[in-house]
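For reference, the structure is listed below as structure tokens.
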Amino acid sequence: MDKVLNREESMELMDLLGLERAAWGNLPLMRKAYLRKCKEFHPDKGGDEDKMKRMNTLYKKMEQDVKVAHQPDFGAWHSSEVPTYGTEEWEAWWSSFNEKWDEDLFCHEDMFQSDEEGTADSQHSTPPKKKRKVEDPKDFPPDLHAFLSQAVFSNRTLACFAVYTTKEKGQILYKKLMEKYSVTFISRHSSHGHNILFFLTPHRHRVSAINNFCQKLCTFSFLICKGVNKEYLLYSTLSRDPYSIVEESIQGGLKEHDFNPEEPEETKQVSWKLITEYALETKCEDVFLLLGMYLEFQHNPEECRKCQKKEQPYHFKFHEKHFANATIFADSKNQKSICQQAVDTVLAKKRVDTLHMTREEMLTERFNHILDKMDIMFGATGSAVLEHYMAGVAWLHCLLPKMDTLIYDFLNCIVFNIPKRRYWLFKGPIDSGKTTLAAGLLDLCGGKALNVNLPMERLTFELGVAIDQFMVVFEDVKGSGAESKDLPSGHGINNLDSLRDYLDGSVKVNLEKKHLNKRTQIFPPGLVTMNEYPLPKTLQARFVKQIDFKPKIYLRKALNNSEFLLEKRILQSGMTLLLLLIWFRPVADFASDIQHRIVQWKERLDSEISMYTFSRMKYNICMGKCILDWAREEESETEDSGHGSSTESQSQCFSQASDTSGSADAPASQTPDPYDHDNPYHICKGFVCFKRPKTPPPK
């Protein structure tokens with residue numbers, strides 16, 4: 001061990017290892033200390049880089065010299081092997097014994113000449129320069145960078161690659177790559193004394209896979225592998241100066257048309273914008289409803305029955321425009337995502353309108369929407385009967401006195417939205433018409449119905465439904481302490497009493513939905529319906545007006561005899577209330593933007609529904625009859641009295657002349673059908689027949 005390092009180096013190494021100098025030669029202990037100090041001195045661990053380098057140098061030198069010292073022939077000899085002193089054999093043995101010491105003991109005895117002693121030639125001559133080693137290139141030539149992929153860490157797969165290596169390795173890799181990847185084409189090019197391999201593979205590979213394969217064959221030679229973005233441009237550049245083609249797998253090489261196949265048909269993509277526009281025009285906020293309606297557009301509009309009937313305006317008005325896009329949409333894999341984005345756009349548009357539009361403008365827009373719907377339903381292609389809806393107007397007008405004024409005042413309350421004067425209360429027993437009128441007002445203004453009879457912990461998300469709504473209805477609120485034992489108790493009134501900030505509208509409240517952030521806004525105004533439950537004074541003060549409903553037997557009988565009002569939900573429709581306002585209110589009460597449309601509808605109602613007809617409807621309601629029995633009664637009364645007009649007399653004479661019996665009193669089985677178009681006093685469904693009966697003179 002004393003011959004491994006000199007004294008100064010051994011002492012320095014032991015100090016660096018942190019061991020006592022007496023431990024010199026204990027190789028296992030020194031090895032453990034070396035590994036421990038490597039972690040301590042390593043620069044990445046915050047150690048001293050200089051100490052690390054010095055310790056590595058001394059330790060490696062010590063290890064190398066220890067290996068030489070432990071060789072079998074190092075200083076090993078036996079007494080029997082020593083020849084006789086003075087012989088030639090002994091001289092040879094002594095020379096071999098001292099061979100390993102000659103290097104350490106050798107010194108130059110010749111003195112170097114000083115500058116003064118040097119000759120003139122030695123002072124002015126330049127020593128021969130050593131031949132510098134040519135450095136390996138670090139990248140492809142700069143003029144090729146535009147055609148190569150510069151991605152270093154990428155999982156992208158390609159089918160064209162370029163390899164830059166030495167001339168000797170280029171010859172080997174040319175054959176190895178051809179065998180390994182069954183290349184479609186490969187060529188070898190010379191470049192500044194090196195080789196560039198350009199090749200195409202039948203399958204796509206990562207650049208790292210090609211590089212790893214080539215690195216196995218290039219242990220010492222440099223290797224650069226990259227993917228090719230512009231195949232033909234790179235190949236054509238490598239075929240011209242300063243490059244040249246050495247060999248290639250296809251005679252004549254590649255041509256430009258080899259990289260320009262026939263252009264396939266462009267894959268048509270679904271237009272998300274068209275679907276969003278459709279959702280905005282129809283104001284659809286339901287993802288699955290939008291998905292179902294748009295899938296119906298994939299059928300040919302010329303063969304579509306819905307388009308031929310023209311009953312659904314949201315279908316026949318948009319079918320032809322969206323047919324081509326719906327055909328592509330039917331094959332899409334992300335239909336729900338597209339519809340979800342369209343619905344989100346509708347909600348975003350609604351939020352913007354809530355922020356920037358006045359409540360009067362929002363109500364006017366709602367009225368325009370209902371008027372558009374009325375134009376289609378009562379138009380030439382519509383299936384709705386105007387008399388049915390006017391019968392609903394007559395029924396609602398009999399529900400409460402001055403119904404038109406009541407609705408007008410409610411709309412003013414909703415539009416102005418004054419704090420602590422924003423809510424109405426509809427109170428009354430069962431089947432008194434509270435919910436019917438509340439549902440009609442909700443459909444007229446637009447909004448949501450909420451259930452506050454839930455437990456308080458579930459009420460948070462129920463209130464979140466009111467986000468960005470124009471109005472709300474707290475429907476059928478339950479309480480406790482009612483006089484009637486038939487009324488069940490509930491948490492509704494207590495919950496409403498806990499929502500005073502919501503009802504007042506003075507401060508903004510936090511509303512939240514599942515999977516959405518909280519929305520801070522003024523809670524929308526509205527009304528509350530309930531049975532005869534007692535109210536605390538704190539809650540009673542939140543209602544600006546209370547309307548007490550009472551059941552009316554004649555209204556119930558008329559409703560039971562007029563089933564079309566229930567089947568078509570005419571009484572709960574906002575169109576019925578709008579027709580009521582058009583019939584009773586002056587044009588000046590409406591917004592100026594829609595007054596011209598109100599005038600048109602007033603003229604139409606005057607031409608189709610006379611005051612006498614409307615009076616007969618109200619008379620039948622008061623009598624508990626079918627509301628549309630006025631036509632049948634007029635026919636029978638005209639036959640009995642004989643005071644009909646000339647047209648009526650002619651039709652009566654015509655019917656009598658066609659009667660084979662010739663008697664004046666027709667049997668009950670031959671009573672004219674009020675729905676027969678040949679009867680001048682028929683009830684016309686739609687606009688198939690334009691024969692309108694003349695209004696009989698007042699009796």
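Going from the start of the chain as shown, residues are counted 1 onward.
Placement of Cβ uses the backbone N, Cα and C atoms for every residue, glycine included.
What Swiss-Prot records for 141-256 is DNA-binding region, and it gives sequence analysis as the kind of evidence. For 643-672, the entry in Swiss-Prot reads compositional bias 'Polar residues'. Here Swiss-Prot flags 12-75 as domain 'J', drawing on sequence analysis. Annotated domain 'SF3 helicase' per Swiss-Prot: 402-562, in sequence order. Residues or ranges marked as N6-acetyllysine in Swiss-Prot (evidence: similarity to another entry): K691.
If you take every residue in the domain 'SF3 helicase' (402-562) and average the pLDDT, you get 91. For the DNA-binding region (141-256), the DSSP counts in helix, strand and coil order read 39 helix, 42 strand, 35 coil.
Taken residue by residue, the domain 'J' (12-75) breaks down under DSSP into 48 helix, 0 strand, 16 coil.
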